[in-house]
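Trainee: So TrEMBL has the following annotated:
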type: BINDING; residues: 4, 5, 6, 7, 8, 83, 84, 85, 86; note: GTP binding site
């Protein structure tokens, strides 16, 4: 069986425990999202008139870390799949990686 569990952060705690005993997780991250913010944060910020933005790449890294270190997945193979390389190659020419990683000097 295969599940797609993408969705808002508020929904994650509802499904994480359902996957005890899975044999593998394929975690997909779009390389081209490095300069984007989460839509749910844009909506929340505009509603509350705040300037709080969460970078999509940082959020993906945070979620990946929480899955890798979750008690439900201690015996689970975890595969990191980085996609949208073609979009990343075009975007990096006009939008620097320092947007997501200010310490990057390459």
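Numbering starts at 1 and runs along the chain as it is shown here.
Backbone N, Cα and C define each Cβ position, glycine as well.
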Trainee: When neighbour density is defined as the number of other C-beta atoms within 10 angstroms of a residue's C-beta, which of the binding-site residues 4, 86 has the lowest density?
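Mentor: Per-residue Cβ counts within 10 Å for the binding-site residues 4, 86 bottom out at 4.
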Trainee: State the count of C-beta atoms found within 10 angstroms of the C-beta of residue 84 (GTP binding site), not counting that atom itself.
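Mentor: Other Cβ atoms found within 10 Å: 14.
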